[in-house]
Structures are given as structure tokens and as C-alpha cells.
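The FAD binding site annotation in TrEMBL covers Glu35, Gln43, Tyr48, Val88, Phe121, Asp285, Thr325. According to TrEMBL, the feature domain 'FAD/NAD(P)-binding' maps to 6-297.
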Amino acid sequence: MQDNLYDITIIGGGPVGMFAGFYAGLRNLRVQLIESLPELGGQLNAIYPEKTILDVAGFTGVTGKQLVERLADQLATMDVDVKLGQAVTNLVKGPDAFKIQTTHETSASKTVLIATGGGSFEPRKLAVDNVEQFEHQHIVYSVQNLADFKGKTVIVAGGGNSAVDNALLLSDVAKQVYLIHRRDEFRGMEHMVDQLRASAVKVVTPYLIKKISAQADQVLVTAKKMRTEAETIEIVADKILVNYGFISSNKVSKGWELDLDESHHMFNVDTEMATSVAGVYAVGDSATYEGKDTLIATGFGEVPLAINQIANQLYPDRHLPIHSTALKR
Ligand SMILES: Cc1cc2nc3c(=O)[nH]c(=O)nc-3n(C[C@H](O)[C@H](O)[C@H](O)COP(=O)(O)OP(=O)(O)OC[C@H]3O[C@@H](n4cnc5c(N)ncnc54)[C@H](O)[C@@H]3O)c2cc1C
């Protein structure tokens with residue numbers, strides 16, 4: 001057997017890929033996990049490390065960063081080859097195994113589990129002229145470290161879950177938080193919107209940020225009232241957190257020789273998470289089927305379906321596990 005022939009290659013080290021690595025270890029599979037970013041954690045780490053996640057079973061509340069730490073601890077209990085900072089650039093089906101080409105190396109794998117989530121993503125920017133000039137120091141797109149906002153005047157721009165959650169989160173540490181949104185209604189979870197209305201956050205609607213200029217160490221932000229000719233307000237702030245969503249460039253399979261069935265850049269799977277190519281499975285945000293919800297809990301639930309199917313395919317003589325303690329016997 002080739003030295004670098006894996007039973008399973010997991011592409012993507014987001015929460016779902018991390019849990020898949022652990023579960024594949026439970027089934028004694030020889031596994032490699034390849035992640036293009038320098039760190040594991042996917043969207044939780046890259047986009048919302050400080051946001052509290054409420055809908056993962058067993059946690060009354062856990063930040064994105066904390067959940068990734070828990071997953072990393074769990075993954076570390078298994079013997080998984082984790083390869084960071086390399087993207088899978090091609091997948092080729094050979095007679096006995098798949099050839100996995102990354103930006104760094106080539107390896108071989110009997111099966112493949114795609115957990116590439118939203119693919120590569122970048123934040124949607126503020127539509128003002130000189131946005132780059134203020135990025136990093138004044139304009140940010142995620143809360144990487146709460147301490148950066150301590151005692152500051154902060155503008156949160158946006159009207160979805162992230163904007164509402166972040167405005168509330170920052171109101172605990174910031175001197176003042178403004179939430180600017182172009183509509184009067186928010187698309188956040190009702191419970192969080194109620195909390196927002198009762199909080200110290202100053203809600204500024206329906207306004208849209210139109211101009212930013214430097215003012216000593218701060219920025220002067222001009223927002224225009226929607227559907228008016230020239231009615232504006234001005235706020236001097238230290239930081240602007242832009243939560244306008246993300247532009248996803250989920251062209252994950254671009255350049256791959258393997259031709260997989262896709263809908264809207266997600267891989268179509270059956271009830272066992274199998275794609276249109278035998279031996280290739282998909283889970284998490286990168287997998288789709290009728291009624292799919294792109295949530296962490298959904299992805300976690302898909303992992304045993306895919307991994308047990310792979311284990312049965314590779315080692316049909318092994319018993320199908322009923323629960324994890326049966327696996328650890
Ligand atoms: C702001 C925000 C808040 C959210 N809040 C919640 C919440 O409260 N509860 C909830 O359940 N869900 C929430 N979600 C959704 C949740 O984050 C996703 O469902 C979850 O991240 C999906 O996990 P994943 O592992 O499938 O994909 P991802 O987290 O997207 O991870 C995929 C990984 O694959 C890597 N990758 C992509 N292409 C390649 C390649 N070619 N080679 C190697 N690596 C590759 C990426 O770099 C990434 O690290 C939220 C999403 C956002 C954006």
C-alpha cells in the first residue's frame with residue numbers, strides 16, 4: 001500500500017470538517033484533513049469568532065472561537081493528518097484511488113469527503129469612495145477581539161443577524177454603539193431584535209452610510225436618510241463594523257477534473273451524503289438536498305451518515321456502530 005494512500009480525505013477544516021476528522025478517527029480510518037486557511041474553524045473563526053452561537057445542542061451559549069477550540073480538542077484525540085494552508089486545486093478519479101492535488105503536494109485517497117462550506121468568502125464592503133483608506137484601523141468586518149472596541153464609539157452597519165448580534169455584543173464594552181440600517185425592520189432573530197430594542201444601542205434607521213472622512217484619530221460618518229433628497233446625520237466614531245454580508249466565491253470545484261453534480265455551487269447529495277461520483281461525499285454548507293438548512297447542527301448530523309457509509313464501503317466486515325462508546329470498545 002502506498003505510504004500516502006488515505007482511506008478518506010476531508011477537504012475543508014470548518015466545524016463540520018473538524019467533526020468529520022474526529023468521527024473518521026473513531027471509525028479507525030486513515031484520514032487527512034486539508035484546509036486552505038492557516039487555521040481551522042471555517043466561518044466561525046474567520047467571520048464571527050466572538051459571536052455567541054445559541055443553537056448547537058449541549059451549549060446554552062458558546063462563541064465561535066470557543067466552539068472551534070472544543071472541536072480542536074476533540075479532533076486532537078484522534079490520529080488525523082491535519083494539513084493547513086493548502087487548498088485542494090484538483091481532484092482526479094483514478095482506477096483504484098482519487099488523486100488529491102493541493103497547492104503544496106499530491107496524495108492519494110480511497111474516498112473523499114467535501115466539507116468546503118461556503119468556499120472562499122470575503123465581506124461585502126461599504127459603498128463609499130475611499131473605503132480602503134480607512135480599512136483595518138477604522139473599518140472592520142468582524143469582531144476579532146472585543147478589547148479593540150473597549151471604551152470606543154462604534155457604528156455597526158447592517159440589518160441582519162450579525163449586525164444585531166454584534167451591536168448587542170459591543171454594547172457591553174463600547175462607550176456607545178450606533179446601529180445604522182437602511183430599513184426600519186431588522187432581519188435578526190426576533191428574540192435578539194427585542195433585546196436590541198431594550199438595549200443602550202442607538203438605532204439609526206432608515207439611513208445609509210454615504211461618506212466617511214478623517215477627523216483627527218476618528219472618522220466622521222455621514223449617513224443619508226432613505227427616500228429623502230438631502231436629509232443626513234453625522235456621527236464621529238472610532239470604529240465602523242460593516243455587517244453587509246459576504247460575497248461568496250464558491251467556485252470550489254473550478255479546475256477539478258472530477259465532474260460533480262452541483263446546484264448553486266453546492267454539491268447535490270443523496271440521503272447518505274453521497275455525491276454524483278461514487279466514493280465522493282459532501283457534508284455541511286457545501287452539501288445540498290431538498291429542505292437543507294446551512295447550520296452547524298445540520299452539518300454535524302450529516303457527518304456520521306457520510307463517515308459510516310464510507311467505513312462500510314471500505315471495510316464491509318466491520319460492524320456498523322450504534323453509538324460512540326460501541327466504537328471505542
Ligand atoms: C455571520 C454568520 C453567523 C452565523 N451564525 C450561525 C449560528 O449562530 N448557528 C449556526 O448553526 N450557524 C451559523 N452560521 C452558519 C455556520 O457558520 C455554517 O453553517 C458553518 O460554518 C458550516 O460549516 P462548514 O464546516 O460546512 O463550512 P465552513 O465553516 O464554511 O468551512 C469550510 C472550510 O473549507 C475551507 N475550504 C474551502 N475550499 C477549500 C479548498 N479547495 N481546499 C481546502 N480548504 C477549503 C474554507 O477555508 C473553510 O475553512 C453563521 C454564518 C455566518 C456567516
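Yeah, the Cβs are placed from backbone N, Cα and C, and that goes for glycine too.
Worth saying up front: this structure is predicted, and the values here are computed from it rather than measured.
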Ask   = Given the binding-site residues Glu35, Gln43, Tyr48, Val88, Asp285, which one's Cβ is surrounded by the fewest other Cβ atoms within 10 Å?
value = Gln43
DSSP three-state assignment for Asp285 (FAD binding site) = helix
